[in-house]
Amino acid sequence: MCQITSQNDVIPKEDCRLRYPYLSIIKSVGKSCMKCQEPATVVARLHDPFCRNCFLVYFTHRFRATFGKSKAVRNGEKVLIAFSGGHSSCTMLHLVKEGLAEGVHKKLRYQPGVVYVDENVCLEQDKEERSAQMRKIETWLKESTFPSYVTCIEEVMSKCSPGYRLISGDQSHDSEDGHDNPPTENSMKEEFKQLLENTSSLTTKEDLIQKLRLKLLKQIAKQLGYTKIMFGDSGTRLATVLLGNLAKGHGETVHQDMSFLDTRGEEVAIIRPMREFTSKEIALFSHQCCLQPVFIPRISTKASRLASIDTLTEDFVNGLQSNFPATVTTVLKTGAKLTSDEETIGKRHTCVLCQSPVDSSSSASSASAATQYSMSLRKSSTVYSSSSSEPEAACEVARDNASCCGEGDESCQSAKKNEELTSADLSVVMCYGCQVMMRDVKSLDRLPSSVLADVQRQKRRDEMRLEIEDFLLDGSEEG
Amino acid sequence: MPVACRMCGGPAVLKRPKTGDAVCKDCFFYAFENEVNYTITNGNLFKRGDRVAVGASGGKDSTVLAYILKLLNERHDYGIELILLSVDEGITGYRDDSLETVKRNQHQYDLPLKIVSYEDLYGWTMDAIVKQIGLKNNCTFCGVFRRQALDRGAMLLKANKIATGHNADDIAETVLMNVLRGDIARLRRCTAITTGAEGGLPRCKPLKYTYEKEIVMYAYFKKLDYFSTECIYSPNAYRGHARTYLKDLERIRPSSIIDLIHSGESLSIKKDVKMPVQGTCTRCGYISSNAICKACTLLEGLNKGLPKLAIGKSNKSRRLLDAASQSSDSTNEKTSPKEKKKDVTF
């Protein structure tokens, strides 16, 4: 069925043994492979020893079966592979390349492209190290033989379409306009840096980078004509994402953050074929095939356990997984049983940052109502009814930039005059989780212009709707 | 330079964990009490004339709950009758001390008190149970028995509602636990503020949105007396992992607790997922999703010397039990050996 031959390895086997001499002396773990009874070399899950070949076959088979089962990708579809240089991405790229190689029996043929997002602006690195890393990345991209592109994360701040660089093109691809937009403009770098500096917590920084990266990838995919993006998130990573997102208030959409097919957002969908594997299995596979991932540090690399919600959750899941090996699979299975509230989904707005439905003002007793009540209590107290010593501006905008509109009864008009984004606007255009995240961002107008434009558009649509509300027949319109 | 209270401008004495505001003592009491009142009125927890059994363990949650329900009942005229209900699990060194606290509360708040014990209801104390089954999985026994004990006690008192002191941290922990354990049925129910309304007494959680730290602060500043030790059997509980994670989350971002509850409330389950159906236990008549309720199964196991019955995947012992029960009574149940009943512990 699936044959692993040495010419599909990234590095020929002979070199592999020179570099890793111990591979030729296979230390048997004292068990025999559960398939072929040869001496085993890896133990992927608790009671499953495999020899090298059977493990590679098993792994590859599961990767392809995930595609086949879900029927998400059709023949001839253009799929963009998001490559980060880590173990998961390299494994995924390797498997895709192998799967589509000539001479391999398969039913599914899709057209992949590869894109790498350069995040140097988040964590400035030493120039030499940086060029060494970029060389390795470009080697990976060129060896994949698929059309490959490199873009920078600050391109998401661009006022028109984001730019990217072509590394290796597919000769049969028709050249269209905008095929090779060289990323320019240091001003975008500055804007992005400003956005990050205005964010007080590491959790929010990580979240913003992740959401903006996704936005950028979707824009580029759309530009280049790709209908799907493939991410290499492992099962362990997705379990971490699920728990982390629960803690951040994204409850309604956690199931989409970790499902195989994520169809939020209009034209471009996301697929996650590596979700069946734990990070341990991926590392074992990558090691067995002598793949060479590129390590690029991020803002949370080597951060302490309590630095951000993501680092804490990762530590938590890994700790539990070592004692209770079924943790990751159970969490993923639980997530797979969840769904969104189907009845109201068509009537609600879409969050401008994460494309999830904005939470509706919900039932009688809810956490968001309780929080709003607590916030409202701040301003009133019957204990001291006389006026306090200095008049405090009730409105946050006025306190910040002294452009008080003079209303004074909490119906702030200054935002309307300045077309600025206030926190009152956010509750309409952002989901609960993103609102919580935005509390850490000091000035909301540092967000990318595409996001701000979406907000304004939504506000105008709401005003339009308000005008014609009496004459609309059924609430079956999209939000 | 003294920090000013966010609400009234006077000197602040504490920082609210929930909102991060610096407030003075009286403003804190005001905010806390009004939030609980809001939860009660908004959730329609009580009606005029209700007889409410307040689960009282002597710990901080139940002490503050009893105090605040009495206070708000008088202040806002809910018109409810309050009775303290306490459960004696028979854990020496823990429960007998906290029961003394409950008796003191009875005098301090001037509320009637009823104590029910596992010994009377089931014939087993927790100490005896732990001696039989060891230190793992004993929280299962205690939890299942306590739920029934509360219901039975409340029925004896002719109460029509139960109020427990579960706080925001407890609910958030429960959401996490249910995700980690894959218990989809409980995941849907655990964030409801009133549960069990169909069959059995409805039980509500007036302190659902109050942080544990704020409860401690309230008790401290109001000089309320409570007993604060961990159950001696708790260090090995799985819940401890979720609790540590939650405490750390709170340190990173204090609003995470409420955010977790919000996430839990927003979850919906796919329609094709198999859910347990509610019925009644054939032995004791209590509500149950299986033919025999969990408490009866656990008791059967203890009495027959099969302590692991109903803990974990129990095909074998379930078959044993059914074989034994088929020979003794005439129920027609057939459990096919292939039927996999995943017994969840929490």
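Glycine is no exception: its Cβ is also placed from the backbone N, Cα and C atoms.
Summarising the annotation, TrEMBL assigns domain 'tRNA(Ile)-lysidine/2-thiocytidine synthase N-terminal' to B:52-230.
DSSP assigns B:Val87 (ATP binding site) to a strand in the three-state reduction. Cβ neighbour count for B:Val87 (ATP binding site) (all protein chains, 10 Å cutoff from its Cβ): 26. What TrEMBL records for B:Gly55, B:Ala56, B:Ser57, B:Asp61, B:Val87, B:Gly165, B:Asp170 is ATP binding site.
Here the domain 'Cytoplasmic tRNA 2-thiolation protein 1 C-terminal' (B:279-310) has, by DSSP, the following mix of helix, strand and coil residues: 11 helix, 4 strand, 17 coil. According to TrEMBL, the feature domain 'Cytoplasmic tRNA 2-thiolation protein 1 C-terminal' maps to B:279-310.
Positions annotated as region 'Disordered' by TrEMBL: B:320-346.
Taken from TrEMBL, the feature compositional bias 'Basic and acidic residues' covers B:331-346.
Non-local neighbourhood of B:Gly165 (ATP binding site): B:Gly55, B:Ser57, B:Gly59, B:Asp61, B:Ser62, B:Val64, B:Leu65, B:Lys205, B:Leu207, each in the same chain, at least six residues away, with C-beta under 8 Å from its C-beta. In three-state terms derived from DSSP, B:Gly55 (ATP binding site) belongs to an extended strand segment. Counting only residues at least six positions away in the same chain, the Cβ atoms of B:Asp61, B:Glu212 sit under 8 Å from the Cβ of B:Asp170 (ATP binding site). All protein chains included, B:Ser57 (ATP binding site) registers 24 other Cβ atoms within 10 Å of its own Cβ. In the three-state DSSP scheme, B:Gly165 (ATP binding site) falls into the coil class. Over all protein chains present, the Cβ of B:Asp61 (ATP binding site) has 24 other Cβ atoms lying within 10 Å.
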